[in-house]
Protein chains: 2
Amino acid sequence: MGDSANGLINRPILASIHTAAFQHNLNRVRELAPESKIWSVIKARAYGHCFDAALKGLASTDGFALLDIQDAAWLRQHGWKGRILLLEGFFHENELSLAQELACDLVVHCEAQVEWLERFKAKNHKPFNVFLKMNTGMNRLGFKPDNYRTAFHRLHAAGYHMHHMTHFANADQIDQSPTVGAQQELFNQTIEGLEGSTSLANSAAILWHRNALGDWVRPGIMLYGASPTGLHADIKHANLQAVMQLHSEIIDIQDLQKGDRIGYGGRYEATAAMRVGIVACGYADGYPRHAKDGTPVWVAQGNEGVVCPLVGRVSMDMLAIDLRKAPNARIGTAVQLWGDKVPVDDVAQMSDTIGYELLCAVAPRVPVAIK
Amino acid sequence: MGDSANGLINRPILASIHTAAFQHNLNRVRELAPESKIWSVIKARAYGHCFDAALKGLASTDGFALLDIQDAAWLRQHGWKGRILLLEGFFHENELSLAQELACDLVVHCEAQVEWLERFKAKNHKPFNVFLKMNTGMNRLGFKPDNYRTAFHRLHAAGYHMHHMTHFANADQIDQSPTVGAQQELFNQTIEGLEGSTSLANSAAILWHRNALGDWVRPGIMLYGASPTGLHADIKHANLQAVMQLHSEIIDIQDLQKGDRIGYGGRYEATAAMRVGIVACGYADGYPRHAKDGTPVWVAQGNEGVVCPLVGRVSMDMLAIDLRKAPNARIGTAVQLWGDKVPVDDVAQMSDTIGYELLCAVAPRVPVAIK
C-alpha cells in the first residue's frame, strides 16, 4: 500500500480487487444456472472494480454486458473476443456503425431505436443480434406487451436476429408488486410462438427464482460478492466472496475527554475518555457520508484485527473511529473499510443504501491494485 | 453533448465545468476577504470538477491547497508556479524529498510528522513552510493547545518557517459547540507571542464570520458555487455561481396508468395516468440513490425549461421523472440534473446530504467538458 500506479507516493488508501474472487463468484453463477449462458454485467467500470480486473477475473464468461460503447471498444482492444451486449443499445443513430465494427449485440427498448435500425439495415449492413426489451411492469425501459410483438416483427422483417429480454423489478423482495411470477407470465405470453432466446434473470433471480432463469442470465452484484437486497444476511450462505477490499490507515489519534465532540456539527459526543483514530478515508473517496455512528471499521491488531465503531460524521477526506477496542492502534495502523472483514452491505445498511452504490462510488482518487 | 474525450460516442451524460464561474466565485472571496491571501482548496479532483478546469478558472489564486502529492506534481507539470499547500502534510517520511522538489508547503498535525521533519532537517535539506495545525475542538487533526507550543518550538528550532492553522467545526451553524468564537479564542491565546501567519477560515467563516479570517483563508465549497450548510437558501444572496452543470437526456418514455409502479421496489405508484421520462443518469453516475420523490430535475421545453419531479427510486444508470409539466418532452430532450437551473444543494437536501458529497461523487464514466 502507498505506492500509486505512477510510482509516486499516495495517501494511504487503496482498493484491492481480487480476481480469484471474481472467478469464484462466476463459478457460483454456473452452478446456480447450469443450463444458461452468462452475460456478466460490468457496467459502471465493473461496479467500480475497473475493467482490467473484470476482464481478468471473469474471462470464462460467455459475454459481457455493459452500457458505454467506448467500454466495448476497450474490451476489444484488450483482446476480448466473446460476445458483448450493449444494455441500453445505442443512444444515437450514428453509433451503429461502431457497434457493428465492435460486433456488439444490442438491447432495443424504444420505438426510435427500431426506426434507426430499419434505416440502418436498408443500407445493407449486416444484421445485429437484438435483445428486444419488454416492459413487463418495471416501467423503466422497454416496450409494453401491446407494442412488443409489432417491434419484434418489424426488426425480424428487417433481417435482425431477434431475442427476448425483460427485467425484474422485485426479484429481491417477497410479494411486492409487480412480482417475478407476474412479470414472467406476461413475458412468456407475449413471446409465445416467436423465435429467439430469452434473458430475464438478474442476480436476485439467479439466487432466489430458479424457475425464471431463461437462456441467458445477467448476474451483476453477485459477481462482486455483494447482496442484491443490500443485506449481507441474505447472501451469508450463498458462498460468494467479496471482490473489493477498501483499505486505509490511521493518520492521527486524538485523546478525548467525556463531553468532547468530533468533526463537523459535533454529531458524536464522547460519553467517557476515549482514544479516537482518524482514518484517511472520507466521502470524497466514496465512503458514505450517511454512515451512522457504529458503522463497523476493521482495525489491524497484531496478526488479528478487531471491528471498531465509526464515531461522528464522515468528512470529505477523513473519518473517525472509537479505538477503545484497539488499544495497540497507532498512526500507520491498517484499517479495512469494507471487504472480507467487513461486508460492504453492512456499511451500506448503516448508511441507508445498498452495497451497489458504495462499490460504484469508489472515487478516481483511490488507487486500485489488481490481485 | 455526446462526444467523449476520445472521440467515441457516449451515453448522453455530461458534466460541463464553467471556468468563468470559478473566476467569479474567486473574485467574491477577494471581496469578502480583501486583506487575506487565498488558498483555493481543490482536493478531491477539485471537488469533482477536475484539475484542468480549476487551474484554468482559479489561476489568479495565491495558492492551491490539496491532499495528494501526485496532484501537486500534476499542478507543477501543468505550469503552476504559485504556492501549494498539502492539507494533511505527508503520510510517510519518504514523501518529504518529493514535497521539497515540488516546493510544497506542509500542514503538520501530529507528533510523528514532527519527528520525521526533525530528522529530515538534520540531513541539511532546505526548510519547508509549515502550517502547524491546532485542534481547537474539531477533534480531527492537530495538536491540542497543551502540545501545540512544544511542537512549534521544536520545528522552529529545526529551522522551519512556521505558521499557524486551525479548522472550525461549526462555522456553518449557530450556537453549536464548539463555536467559532470559542475555537478562535483558544487559537489566539495559544499562539500569543509566536511568529508566523495564520489560517483559519473555511467557506462558512468567509461568508459568516468575517472577524475570523486570518492571513490566509481557505475557501472550498463556495468556489464551486454551493453552500457550506447544504442549503441553497443560505447562499441565495451571496452572489455565487454554480460551476458544474450535470446534463443528460431522456432515453425512453413510458405511459403509465393509475396504479402502475416505477423501478426497483416499486416505490412510486402513479396516482393518475402520466407520462414518465427515463433519464440516462443513475447512482453509478454520482446521482444520489437517496433522492426522494419530488427531487427537482430541469427539462428543456422550447427555449425555456420546466422543473419536473423525480419519481421512483434512482437506479444504477437511470432515473425517472414525471413529465406532466413537460408535454413536449420526447426521447432526446435535454435535462439538467444540477447546475444553474437546479442548485446542487436542492438535490442534496432531497437526499439528506450536502452538495459537497454530490459534486465529489460525479463518476469517472461521466465525460467532462471544460467551458
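Positions of Cβ are set from backbone N, Cα and C atoms, glycine also.
Going by TrEMBL, these are the annotated features:
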ACT_SITE  B:Lys43  active site, proton acceptor
ACT_SITE  B:Tyr264  active site, proton acceptor
BINDING   B:Arg140, B:Met316  substrate binding site
DOMAIN    B:243-371  domain 'Alanine racemase C-terminal'
MOD_RES   B:Lys43  N6-(pyridoxal phosphate)lysine
TODO: Helix, strand, coil: count each for the residues of the domain 'Alanine racemase C-terminal' (B:243-371), based on DSSP.
DONE: 18 helix, 48 strand, 63 coil
Task: Rounded Cα-Cα span from B:Lys43 (active site, proton acceptor) to B:Arg140 (substrate binding site), Å - done: 17
Task: Inter-residue C-alpha distance, B:Lys43 (active site, proton acceptor) and B:Met316 (substrate binding site) (nearest angstrom) - done: 26
Task: Spatial neighbours of B:Met316 (substrate binding site) that are distant in sequence (at least 6 apart) but have CB under 8 A - done: B:Gly282, B:Tyr283, B:Ala284
Open item on the list: Highest Cβ count within 10 Å among the recorded positions B:Lys43, B:Arg140, B:Tyr264: which residue is it?
Closed with: B:Tyr264
